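**Q** What TrEMBL lists as signal peptide is 1-20. Among the features that TrEMBL reports, domain 'Cadherin' is placed at 65-124, 125-233, 234-338, 346-443, 442-546. The region 'Disordered' annotation in TrEMBL covers 129-160.
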Amino acid sequence: RRQRALLWAVLLAAWEAAWGQLRYSVPEEMPKGSFVGDVAKDLGLQLTELRDRGVRIWTEGRTQYFALHGKTGHLVTAERIDREQLCERVQQCVLRCELIVEGQMKVYEIEVEITDINDNAPSFREAETELRMSETTAPGSRFPLPDAHDPDSGRNSLQSYELSGDEHFSLAVQAGPGGDQRPELVLAKALDREEAAFHELVLRASDGGDPARTGTARIRVTVLDANDNAPVFSQAEYTVRVPEDVPVGSTLVTVMATDADDGLNGHVKYSLKKITEKASKIFHLDSETGAITLLRSLDFEEGDSYELEVQARDEGQLFDTAKVAITVTDINDNAPVISVRSALSEISEDAPSGTVVALLHVQDRDSGANGEVRCSLDGDVPFRLQSSHGSYYSVVTARELDREQVSEYNVTVRAADGGSPALQSSAVLALRVLDVNDNAPVKSGYEARVAENLPAGSQVLVVVATDADAGSNGRVSYSFGNVPDSVKALFAIDSESGEIMTSGPLDFEEKSKYIFSLEATDGGGLTDHCEVQIDILDENDNAPEI
C-alpha cells in the first residue's frame with residue numbers, strides 16, 4: 001500500500017509538471033535555505049539549463065519567500081515563514097510563485113502549502129475578567145466567558161476549556177455559527193451576597209498539540225443585589241453595505257438595546273464581544289450610543305466583509321448579544337498593472353510571423369467589471385497580442401519585418417479595465433530590428449570620354465553602387481566582370497572607391513571605344529552588374545605622311 005501511494009504521488013507530480021504546475025509542502029518556521037522541492041528534477045531540467053536559459057523564481061509582492069538554488073536546482077526558503085502571520089483564519093495556507101524560463105518563454109506555477117506546527121499557546125485577550133451577578137440570578141443561568149485565541153490550525157488549535165475554583169459554578173461550551181467553541185459560565189448553585197460577595201475562578205484553555213499548550217484567565221465574580229431584566233437588542237442581526245471609499249469617521253450603523261429596569265440597572269453600555277485584530281483597527285463602537293464608526297479607510301481588495309458581535313450590558317451585568325455584518329462594495333480605484341516578465345531587445349528582420357518578442361502579465365486588483373482587463377497595441381505595428389496563460393499575454397510578430405523600412409519599434413501596450421470611467425495603464429517595449437543580407441548592391445550604366453595619350457594612373461570616372469543593408473552586409477567592393485585581358489591592360493579599378501583609372505596608353509587610331517562590364521559585390525556575396533562605355537577622343541599626335 002505504501003509503494004502504491006508513492007507511485008500515485010510520482011504520477012501526480014509528473015502530471016502537474018507536464019501542465020506547468022508543481023505542488024510542495026513545508027512546515028512553517030523553517031530556517032532560511034530549507035529544502036522545499038527538487039524543481040529541476042520534477043520539471044526534467046538539467047542543471048546547466050538553469051544557468052544558461054535564465055531560470056528565476058518570481059513571487060508577487062514585496063517579500064520573496066522562495067529562491068532557486070542554482071547549483072542543485074532545489075526550491076528553498078528565502079525567509080523564515082510564519083503561517084499564522086501569512087494566513088490568518090485560513091485553514092489551508094498556500095503560497096504561490098512562478099518559475100520563469102526566459103530562454104523558452106515558459107512559466108511554471110508552483111504552489112507551496114505551509115503546514116502548521118504547534119508554536120502558539122492559547123491566549124486570552126485579557127488575563128483577568130470581572131463578572132457582576134445579581135444574587136437573585138437563577139441557577140442554570142449562563143454568562144459568556146472570554147474566548148481564547150490560538151492562531152495554530154487543526155489539532156494544534158484550541159481544543160478544550162476547563163474551569164476550576166468554586167462549587168457555585170460550572171462550565172458549558174457552546175458551538176458557535178462557525179464551529180468555534182464559546183465557553184459559558186453556568187450558575188450551578190444559588191448565590192448569597194451576604195455569605196460570599198466575591199468568587200475567584202480560573203478558566204484554562206488547551207490545544208491538541210503533543211505536548212499540549214495551555215493558557216489561563218482569572219475570572220472574578222462580584223455578587224450584586226437584584227437586577228431582574230436584561231438588555232434586549234432591537235434586532236438580532238444588523239446588516240449594512242458600504243462602498244470602500246466611505247470617508248473616515250463616518251457612522252456605518254447604530255445598534256440599540258433597551259432595558260426595562262430603572263436607574264443604574266437599566267443603563268446599557270455596548271462593547272465588542274467578538275472581533276478580529278484586523279477589524280479592531282478599522283471599526284470603533286461607542287459604548288454609550290452604540291454607533292459603529294470608521295477609524296481608517298476601507299479597501300475592498302484587503303477585505304470585502306466583516307462580522308462583529310456586539311454585547312449590551314446593564315449595570316447588573318445582564319446582557320444581550322447581536323451580530324453586525326458589514327459588507328464592503330468595490331469601486332474602480334485600481335488601474336491595471338502591466339508587468340514585463342520577459343522581453344527581447346532586438347529581433348532579426350527575417351524572423352517568422354508569430355515569433356514571441358515579450359511575455360507580459362496584466363492584473364487589476366478590482367473585482368467584477370472593474371477588474372476585467374482589455375489589452376491592445378497602439379498604432380499600426382507589425383505585432384499583435386495573444387492570450388498566453390491566465391493573466392499572461394504574449395507579444396508576437398504579425399507579419400514579416402523589413403529593417404530597411406523601419407529599423408526600430410517602440411511598441412506601446414495598453415491595458416484598460418471595465419470600470420466607468422475606465423482606468424488604464426501602458427508599457428513601452430523598445431525593439432531593434434537586426435539586418436540580414438536581403439538586398440543586393442544597385443548601380444546603373446556609366447559613360448566617359450577621355451583623350452588619347454593620357455598618362456597611366458589618370459582618372460577616367462568613378463562608379464557608385466548602393467546597398468540598403470547595414471554593416472558588413474552593406475559594404476560594397478568593385479571589380480571587373482567578364483572582360484578581355486586587353487581591357488584590363490588599359491584600365492584598372494579601385495575595389496573600395498570604384499575609381500576607374502588608366503593603366504596603359506590609349507590610342508584613338510588603334511581603338512576609339514571600349515565597352516566592358518563591372519561587378520559590385522556586398523559582404524554577404526550578393527552582386528549587381530553595370531556596363532561602362534569609354535569613348536577615346538582624337539588628338540593631333542600624327543604628322544601627315546606623303
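Backbone N, Cα and C define each Cβ position, glycine as well.
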**Q** Report, as numbers and ranges, which residues of the same chain sit near the region 'Disordered' (129-160): CB under 8 Å and 6 or more residues beyond its ends.
**A** 83-84, 88, 91, 93, 116-123, 171-173, 180-193, 203, 205-209, 212-213, 215, 217-228, 273-274, 311, 315-319, 321
**Q** Run through the region 'Disordered' (129-160) and tell me, per DSSP, how many residues are helix, strand and coil.
**A** 3 helix, 14 strand, 15 coil
**Q** Please compute the mean pLDDT of the model over the domain 'Cadherin' (234-338).
**A** 89
